[in-house]
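Copied from TrEMBL, the annotated features are:
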| type | residues | note |
| --- | --- | --- |
| DOMAIN | 280-484 | domain 'TM7S3/TM198-like' |
| SIGNAL | 1-19 | signal peptide |
| TRANSMEM | 277-294 | transmembrane segment |
| TRANSMEM | 301-321 | transmembrane segment |
| TRANSMEM | 327-348 | transmembrane segment |
| TRANSMEM | 355-375 | transmembrane segment |
| TRANSMEM | 387-406 | transmembrane segment |
| TRANSMEM | 413-434 | transmembrane segment |
| TRANSMEM | 466-484 | transmembrane segment |
Amino acid sequence: MDLLPTVLLLQGLLELSLGKFRNVLLNQTNPVEAVIRNIASNVTVVIFQVHAQQNSVVISFDKNPSANSSGTGVDKGLISILRPQQSVCTWYLRSLDANQVLSTAISIPYMEKDPIPGGCNLEFDLEVDPNIYLDYTLVDIHIKFAPANLGYARGANPPACDSGTGQNSRWRLRYDVYQYFLPENNLSEMVLMSHIRKMSEVRSIKANGVKMLTLTTDDKTNVYFSSLPGQGVIYNVIVWDPLWNTSAAYIPVHTYACSFGDLVDNCSSLSKLSTKIFFTVLAVLGLFTCFFGHRFWKTDLFFMGFIITGFFSFVFITRVTGLGYDVRLILTAVAGIIGGLLLVASWWRFGSVLLCMLLIGLVLGFLFSSVVFFTPLGDYRVFRDDVVFWVTFSSIALMIPVLFVGCPRILNLLACGIIGSYSVVLAIACYIYTSLAYITLDLLRRILNDYFSRAYTNVPFQTNDFIILAMWIMLALSGVTVQLRRERSEVPFPPHPYLIWKREKERRSTNILDPSHHIRPLRERIHSKLLQIKEIFQKEQPAGERTPLLL
């Protein structure tokens, strides 16, 4: 790993060079003075930034920080507007934690034609604020930043931020928002330090990050992304001046969408025990359905009924009640079991293959439509509109049962293989991070949260995901192939159980040669058994004469 040696400074200076990273250990009691010397005369602005993984640091222009001359956080920076003849810049660093905090620092120079990030700040404390502010929940991540201004020469007055909307004002600037994912299942701070440098300078941001969107000055400078708890991600913004074709980068910001300090549900153990139990049991049933679902038709119906009823029950319970997560999951499991049994009972009574296959086809169509919107297609702006999204989603989902209406057995085999194997993927996601879980999780978030439609749902796809995807495909193909070969000489579906029972009952009542015709009714047989049991516990009569003597 290409990391510069960590510098331990308890007293003294941290000498920096423009564009070079330095790792430094900070503490609370001894501020570190960071100095850059011999700054070239063509440099008009220097952005100094410092990054730590989880403990906040304080960066300031003065030894005694004030609100309008300092910043506090895990990813913070200050911008120094250079005066004529100035060739030295100084900043002060310290941590808020009593223990030593590993951080990395860098200073980046810009020229007079480069735009100034945060140069038209009207919202935050700093006069010129190049920082990106990040908030997260378990559902989404929100980043916001101050608008930039046009660059200008040393000693000149900055361009007015509200002097008009023409091409000679800041309104010509464009903002490109970039995203970069850290390696999956890796919470190391050294890994963060080595990757944060890839998102600090304009050239490296364009080479390593993924551009998610472009904002104009007419747009609000805030963006939402779907939250990925436990997965490290870095965001940054490049402001571009199309007239001079120059760019500048804001201060990159990172998050894991979780807390390192919580004793329960921290970044190292996100899945609850109830979630692991629920999806592990579901995976066992799904794996059985994947290879044997068509032969064991009632089990197949129970599995699909469990999924349908459980999903809608969880949505309803979450929307209507304020119950805790564990209670909601237990109620979902109970509702799923009842729903599965009801679907099996309806098949036993009515025997409608068409109705059962319609429900099974809808489950498969639901998953297929979720996969479609899991791709980059789901981030198109047209699908920000809920009406457009749900009409398109429903149309894709309905397409599956319509396409296979003439071959229900093939539809059922595909549903058993694909849905059954995906339940295994969901179980794996409870123990190891994989982006494949968000195929259905992001859809559930959109149903449960009114504003999730504004979030970009891009996820990483790294080594773990490729391995688990290959396993999913292998299980699905194996399950479909095994069942297709085993069932090709069998009837497509079992006959109507209620009609079989009714026909058998009529046959027994009319055919006196059938031994079953002479079997007593169930009530009489039960009464006879009870009498036999009663005789066992009766007191025995004494031996000898059992009748009275004749007179």
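Here the Cβ of each residue, glycine as well, is placed from N, Cα and C on the backbone.
A TrEMBL annotation is a machine prediction, not a hand-curated record.
Same-chain residues lying 6 or more positions outside the transmembrane segment (466-484) and placing a CB less than 8 Å from one of its CB atoms are 287, 290-295, 413-414, 416-418, 420-422, 424-425, 428, 434, 436. The transmembrane segment (301-321) shares the most Cβ pairs under 8 Å with 327-348, out of the stretches 327-348, 355-375, 387-406. If one looks beyond the transmembrane segment (387-406) by at least 6 residues along the same chain, the residues whose Cβ comes under 8 Å of a Cβ in the stretch are 357-358, 361-362, 364-366, 368-369, 372-373, 414, 443, 446, 453.
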